[in-house]
Amino acid sequence: MALSHSLGFPRIGRDRELKKALEAHWKGELDEAGLRAVGQRLRAEHWQLQKDAGIDLLPVGDFAWYDQVLAHSLAFDVIPERFRPAAGKPTLDTLFAMARGAVANKSGGSCCGGAHAQEMTKWFDTNYHYLVPEFSADQQFALSWEQLFEEVAEAHALGHSVKPVLIGPLTYLWLGKEKGSDFDRLDLLERLLPVYGEIFQRLAAQGVEWVQIDEPILVLDLPQAWKNAFERAYNLIQREPCKKLIATYFGGLEDNLGLAANLPVDGLHIDLVRAPEQYPTILDRLPAYKVLSLGMVNGRNVWRCDLEKVLELLRHAHERLGERLWVAPSCSLLHSPVDLEREDQLDAELKSWLAFAVQKCQEVALLGRALEAPDDASVQAALEQSRVVRAARAASTRIHKPEVQARLAAIRPRHAQRQSPFAERIAQQRECLQLPLLPTTTIGSFPQTSAIRLARQSFKQGKLSAAEYTEAMHAEIRHAVEVQENLGLDVLVHGEAERNDMVEYFAEQLDGYAFTRFGWVQSYGSRCVKPAVIVGDLGRPQAMTVEWIKYAQGLTDKPMKGMLTGPVTMLMWSFPREDVSREVQARQLALAIRDEVVDLEAAGIRIIQIDEAAFREGLPLRQAAWQGYLDWATEAFRLAASGVRDETQIHTHMCYSEFNDVIESIAAMDADVITIETSRSDMELLEAFERFAYPNEIGPGVYDIHSPRVPDSAEMAGLLRKAARRIPLERLWVNPDCGLKTRAWPETEAALVNMVAAARQLRAELA
C-alpha cells in the first residue's frame with residue numbers, strides 16, 4: 001500500500017491554546033507544570049486529529065515551545081554563554097530567554113543577567129521565523145534536552161505509529177551564524193554528528209523504525225563544500241540505527257537532485273507542489289531500494305487539492321514504485337491553519353473551496369486509499385465532490401472583475417516612476433518638512449491594549465455604535481500623539497489603534513479578499529497571524545485610512561505619517577490565489593494602494609509610509625529566479641508610490657531581512673526613506689553600504705521591539721555611531737526596528753525616551 005504520512009502539524013492548537021498558555025506563563029499567571037500540561041494535551045489532540053484523518057505515520061518532534069530550530073539548539077547544547085545556566089542542563093527559562101531576551105519574570109526572579117535575545121529571521125521563504133543558532137569557533141555539542149524522547153514516549157503510550165522529525169545536521173549548521181573569531185561553521189560538522197548518532201541510538205531503543213530528517217537546504221544553491229559535506233555526513237549517519245527519510249521542501253532539488261537521490265538513506269521526500277518538474281527525473285534516478293515520498297498536497301496554502309489531477313500522477317508513481325511510494329503534504333503543515341471545521345461563519349461556497357491542516361491530512365489519506373481501492377464508494381464520492389467544487393470555483397463571478405482587468409491593461413512604465421529624481425525630490429521635501437538632523441520617528445503601530453481590542457470586538461458585535469467606536473479610537477490616537485509630543489519625536493504616527501492587523505485591516509476594505517475566524521498560523525513564539533485569503537480580482541472601493549490620518553494630523557503641527565501596507569507584503573502575508581500569478585496579484589494590489597496614497601496626499605499628509613516588511617521573503621530560493629521576482633516586486637512598489645508630487649515623502653519599512661545581496665533592487669524601489677531591522681544583527685546589514693552607495697535616506701533600527709528588554713541610550717547611541725560610519729548624517733534617521741503593537745506602554749515609552757536621548761547625544765557629538 002502507499003503509506004500516508006505528515007511532515008509536521010501546526011502546534012498552536014485550534015483555538016491558539018499554546019499562544020494563550022505561553023503568554024500566561026510569561027506573565028506569571030501559569031506555572032511551568034501548567035504550561036507543560038497544555039503542551040501535552042495539544043500534542044495528544046494533534047496526533048489523534050491526524051490519525052482520525054487517516055494518516056498512517058504520525059510526526060513527533062514537530063511540537064516546539066517557541067521554535068523548532070531553537071529546540072534543536074537546546075538539544076545540541078548550542079547555548080550562548082550569556083544564557084548558559086550556572087549549573088545543570090538548560091530549562092524552559094533558558095529557552096525563553098534565548099528567544100525573548102532575558103528579563104526579570106513576574107515572580108521576581110530573572111535569568112541570564114539582562115542578555116539580549118538571539119537573532120530571529122525568516123524560515124526560508126515563509127512567514128515563519130526561527131531563532132538563529134550562534135556558533136563559536138570552540139563550539140562543543142552535547143545532548144542536553146530530552147523533549148524529543150519524552151514526546152516519542154507520550155505518543156507510544158497513546159498507541160500511535162510515529163516518525164520522529166529532526167532538522168538535519170547540514171541544514172541546522174546552515175541556518176546558524178558564526179560568532180566571534182573567523183571560522184567556517186561547516187567545520188563544526190564532525191563535532192555535531194556524534195550527537196545525531198546518540199539521538200538515533202536513543203530513538204532505536206524506544207522502538208522507533210523511521211526518522212524524518214529535514215534537509216530543506218537541498219533546494220538551495222549550495223557551495224560545493226556543503227555538497228561534499230552531505231556525502232560525508234550521511235556516510236556516517238547510515239551506520240546508526242533506524243530507517244531514515246530525508247525530507248526536502250519549498251522548491252526543487254535541481255542540481256542537487258543526484259546528490260539527494262544517492263545519499264545512503266532509506267527514503268527521500270520531495271515537494272511536487274513547488275517543483276512538479278522534478279518528478280520524472282527523480283523517479284528515474286532514485287535507487288531501487290528507496291522509498292519515495294511525494295508531497296502532493298500544498299502545505300502552505302488553504303485551497304483544496306485538485307484530487308483528480310494529483311491522482312493521475314500518483315497512479316503513474318504507484319505503478320513504478322508500489323509499496324515504496326509514500327504520500328504526504330508538500331511540507332510541514334505548520335504553515336496552514338488547523339481545522340476548517342472551526343469556521344462556522346464562512347459562506348458555503350468559499351468554505352467548499354478550502355482545506356486546512358486537518359483537511360489536508362484527509363486529502364493525503366484519501367489519495368493513498370484511491371491508489372489501493374480506486375473503486376471504493378467513499379473514494380469515488382470524494383473525487384466527484386472535488387470535480388464539482390473545482391467547476392463551481394472556475395465559474396464563480398466573485399473571481400473575475402472586468403474593471404480590474406481593464407486597469408491592469410492600461411498600466412504604462414511612466415505610472416511606476418516618480419516625477420523627478422531623488423536628489424531633486426529630497427531638496428523639496430527638506431524645505432517642506434524642516435526636520436532636524438537625525439530625525440526620530442517610530443515605525444507605525446503603538447501597543448494594542450486590552451481596551452483597544454475590547455472596543456474593536458464590541459464594535460464588531462454591535463455593542464458599540466460607529467460613533468462610539470470612532471470616539472474610542474480617537475481617544476487612543478490623542479493619547480498616542482500626546483505621548484510622542486512629550487517624548488520629543490520629530491515625525492509622528494497615529495498608532496494604528498483601529499487596525500487589527502497590518503494586512504487584514506486593508507484586506508477587509510478591498511474587494512477580492514475573504515476572511516476566516518480561526519485561520520491562525522504561527523509566525524514566531526506566541527505570535528500568530530490570520531492571513532486573509534485572496535479569492536478574486538482586487539480593487540479599492542473607497543478610501544481606507546484617510547479620515548483617521550487626517551484626524552491625527554489635526555492634533556499636531558509635526559508631520560504625521562500616513563501608514564499603508566505595500567502590495568508585496570499584502571500578497572506575501574495573505575493566502576494567494578493559485579489560478580493567476582503572484583505578479584498579477586501584486587499589480588492589482590499596487591493599483592488599490594496607489595489610489596489611497598493619492599487620497600492621503602490630497603488630504604494634506606506630507607509623509608506616507610508604504611510598509612514592505614515581506615519584500616525579501618518573496619525572493620525565490622534559487623538565485624537564478626531572483627531577478628524576475630525583483631523586477632515585478634520593485635515595479636509594484638513604485639506603481640503604488642508614484643502618483644504623488646515630489647514634495648511628498650515616501651517611506652517604506654522592511655524587517656527580519658538580510659538585504660546585502662539585493663540592495664540594488666531596494667534602491668530601485670526609489671523610496672525617499674527606508675527603515676530597516678538591524679539591531680539584533682548588530683547593524684550587520686549596513687555592511688552592504690560599504691560596497692554600494694545607497695542613494696536615498698535610511699533609518700536602521702536601533703532597538704529590538706520583539707523583546708521586552710529596554711536598552712539604554714548608550715547602547716542605542718553605539719549602534720547609531722556604527723550606522724554613521726557608513727551612512728552620511730544628513731541621510732540617517734533614528735527609529736526602532738519595527739512596529740510597537742506587541743509591546744506594553746511602559747516599556748515602549750522607556751525605550752523611546754532612550755532612543756530620543758541617543759539621537760540628541762549623536763546630534764551634539766557629530767553635527
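Just so it is clear, glycine is given a Cβ too, placed from its N, Cα and C backbone atoms.
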L-homocysteine site partner of Ile443, Gly444, Ser445, Glu496 (as recorded in Swiss-Prot), chosen from Asp339, Asp599, Asp611:
Asp611
Arg16, Glu17, Leu18, Lys19, Lys122, Arg527, Cys528, Glu617 bind 5-methyltetrahydropteroyltri-L-glutamate per Swiss-Prot; candidate in Trp47, Trp145, Trp573 listed for that same site:
Trp573
Whole-number Å only: compute the distance from the Cα of Asp611 (L-methionine binding site) to the Cα of His706 (active site, proton donor).
18
Cβ neighbours of His653 (Zn(2+) binding site) where a neighbour is any other Cβ within 10 Å:
28
Roughly how many angstrom lie between the C-alpha atoms of Arg16 (5-methyltetrahydropteroyltri-L-glutamate binding site) and His706 (active site, proton donor)?
20
For a quick check of understanding: among the recorded positions Arg16, Lys122, His706, which residue's Cβ has the most other Cβ atoms within 10 Å?
His706
Closest to Cys528 (5-methyltetrahydropteroyltri-L-glutamate binding site): which of the recorded positions Gly444, Glu496, Glu677, His706, going by Cα position?
His706
DSSP secondary structure for Ile443 (L-methionine binding site), reduced to helix/strand/coil, please.
coil
Integer Å distance between the CA atoms belonging to Ile443 (L-methionine binding site) and Cys655 (Zn(2+) binding site):
10
